[in-house]
């Protein structure tokens, strides 16, 4: 029986090289791979999110924007599952973990990790999650484009990193073996690419039954 495709997620702070590595991996896995970037800004919900991220005058409560981010993931999940069942691999640039970490890092009353994860319960879990970690968040601020969108400040990114680590540690302690933290501090694009491929290649060669999925 033909196995399904693999769902591979690359997570991390802003300007840590996620998108670059997603694009590299996507091209490497052609012709049988699709690339998804969250938020998916081409949808109606994604358009609202894009406006919020790029226009400081567009105000929403922390709870409302968090639920919009989650809704943006839910509106695409059936398409993701369909592609996987057809045997296609999918590389994702951000997903549930980003949504939870960025919202919980705001410190809004009542929005702890458990509350922030609740709207995503039932979404597909990746077969592999790679978190690109850096020891020097300050260096990210010097990269082109940093600060163009809401959340791109060094102070907030430090909070997000701490929240990410708490969230991932919690998932790992619950027995999730699909998460790997990759230290990209002072590493070049090709060096990170090689590290990622060492982790991804064995997952690609593993057979996963057509109807076997994990969920948040």
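Quick reminder: no glycine exception, Cβ is built from N, Cα and C everywhere.
Counting every protein chain shown, 16 other Cβ atoms lie within 10 Å of the Cβ of residue 19 (ATP binding site). Among the features that Swiss-Prot reports, ATP binding site is placed at 12, 13, 14, 15, 16, 17, 18, 19, with the record citing a curator's inference.
In the three-state DSSP scheme, residue 14 (ATP binding site) falls into the coil class.
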